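Straight from Swiss-Prot, the features:
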type	residues	note
DOMAIN	6-122	domain 'MTTase N-terminal'
BINDING	C15, C51, C85	[4Fe-4S] cluster 1 binding site
DOMAIN	143-380	domain 'Radical SAM core'
BINDING	C157, C161, C164	[4Fe-4S] cluster 2 binding site
DOMAIN	383-447	domain 'TRAM'
Amino acid sequence: MNTNNRHYHITTFGCQMNKADSERMAGILDNMGLISSEDPNKADIILYNTCTIRDNAEQKVYSYLGRQAKRKHKQPDLTLIVAGCVAQQEGAALLRRVPELDLIMGPQHANRLQDLLEQVFNGNQVVATEPIHIVEDITKPRRDSKITAWVNIIYGCNEHCTYCVVPSVRGVEQSRTPEAIRAEMEELGRQGYQEITLLGQNIDAYGRDLPGVTKEGRNKYTFTDLLYYVHDVPGVERIRFATSHPRYFTERLIRACAELPKVCEHFHIPFQSGDNKLLKAMARGYTHEKYRRIIDKIRELMPDASISADAIVGFPGETEAQFENTLKLVEDIGFDQLNTAAYSPRPGTPAALWENQLGEEVKSDRLQRLNHLVGVKAADRSQRYMGRIEEVLVEDMNPKNAAQVMGRTRGNRLTFFEGDIAQLKGKLVKVKITEVRPFSLTGEVKEFVLV
């Protein structure tokens, strides 16, 4: 297979797991001798790593595919690939909609990209969506950053939330071994990466599928145990993780995060609704009271911790009173950031078949009201930063102001300040905050952090 001077382009939709998968696939393509291109129209291989969590993301994929399919009629050597969750959900049915596709591959097959492409280059139209056991990552990803990195620790999800397609498209939970995770982190530390985010669809379920139990009767390998195991990896100064499920977010985990200095004081814990009846209909497995207790314990042990979450409005049957319970939870907790969405029926999920669907006008109104409250509460939360000294890991130049650099605090707050990116990139800097906004900060350099 001659890959000389052939270019590839990857467009990624959706979550951090997809972004991590795209980095792994880019690494495979690099190893094959292909060259990355920012412009899809100059690429010989186009890969769309897709998301099906909401309908608008899925429709955007089809729009992009339509344009490239037309191009393929003029350029038959163009290779079109759909990877990720839309590929897994639709499978071979995608060929009826876009017959120009060369390769359809589910997320479990990301590490097989080279083998699958070789089949394509041998003249085959390939569909790879069958469930497989995910082997340990052996391909060096082409990471988008040289400072922060994602490390997958668990794939798939065993939950059955009634609105969510993730279990059907990403498969059952498969945890990587602690040894493999630490080995990858050690290599990243040697390469100079200072911040690592551990990733999983349901990260605090890590280890449930690994063999062994302790004398106390719990799983031998838990996410809490993993944090202790990897915490002393040389070179890595910050550890984050996402995404957590309230059902499995234990006090033991909270105490570990408070005890381990490299673990950042930022927790992303989706609540989805503030109403217990809706949470039961969603099959989330917890109450709003339990969720509040988790946040209370975090703030008891780490008073300055940042809390972010996800919420859905307009779930089938949601009454105005139930929506107001969500508003009350947001008002009471005061999130630093909240990812909000109007409910979007997804094929193959129980909730999509229910008759009590809400109209788009109602969903839009509730989403606007929730977003307004989120902005107000985030602005309130930001006030605590004014005048404080915050540790910021510098990641890049401010794209809107070349005189400024930008990075994130330990609490994940985006922060801008004047500086030379050539000198500061990858540095931990003490910054005095001089201006606050709902979701970002501005400051001035006080000192460098020696690590």
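Keep in mind that glycine also has a Cβ here, set from the backbone N, Cα and C atoms.
The model shown is predicted, which means the values in this text are computed figures rather than measured ones.
Features recorded in Swiss-Prot, as mapped to the structure shown.
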{"residue": "C15", "record": "[4Fe-4S] cluster 1 binding site", "DSSP (3 states)": "coil"}
{"residue": "C51", "record": "[4Fe-4S] cluster 1 binding site", "DSSP (3 states)": "coil"}
{"residue": "C85", "record": "[4Fe-4S] cluster 1 binding site", "DSSP (3 states)": "helix"}
{"residue": "C157", "record": "[4Fe-4S] cluster 2 binding site", "DSSP (3 states)": "coil"}
{"residue": "C164", "record": "[4Fe-4S] cluster 2 binding site", "DSSP (3 states)": "coil"}
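Taking the centroid of the Cβ atoms of C157, C161, C164 as the [4Fe-4S] cluster 2 site, the other same-chain residues with Cβ within 8 Å of it are E159, H160, Y163, V165, V166, P167, Q201. Surrounding the centroid of the Cβ atoms of C15, C51, C85, where the record places [4Fe-4S] cluster 1, the chain contributes additional residues within 8 Å, namely F13, G14, M17, N18, T50, T52, I53, A57, G84, V166, V169.
A 10 Å cutoff on Cβ-Cβ distances gives C51 ([4Fe-4S] cluster 1 binding site) a total of 22 other Cβ atoms nearby, all chains included. Spatially, by CA atoms, the binding-site residues C157, C161, C164 include one closest to C51 ([4Fe-4S] cluster 1 binding site), and that is C164.
Considering other CB atoms within 10 Å as the measure, the emptiest surroundings among the binding-site residues C85, C164 are those of C164. Residue environment of C157 ([4Fe-4S] cluster 2 binding site) contains 22 other Cβ atoms, counted within 10 Å of its Cβ in all protein chains. Helix, strand and coil counts from DSSP across the domain 'TRAM' (383-447) read 7 helix, 41 strand, 17 coil. Counting Cβ atoms from all protein chains shown, C15 ([4Fe-4S] cluster 1 binding site) has 18 others lying within 10 Å of its own Cβ. Counting Cβ atoms from all protein chains shown, C161 ([4Fe-4S] cluster 2 binding site) has 21 others lying within 10 Å of its own Cβ. Counting only the Cα atoms, the space from C85 ([4Fe-4S] cluster 1 binding site) to C161 ([4Fe-4S] cluster 2 binding site) is about 16 angstrom. Looking just at the domain 'TRAM' (383-447), the mean pLDDT is 96.
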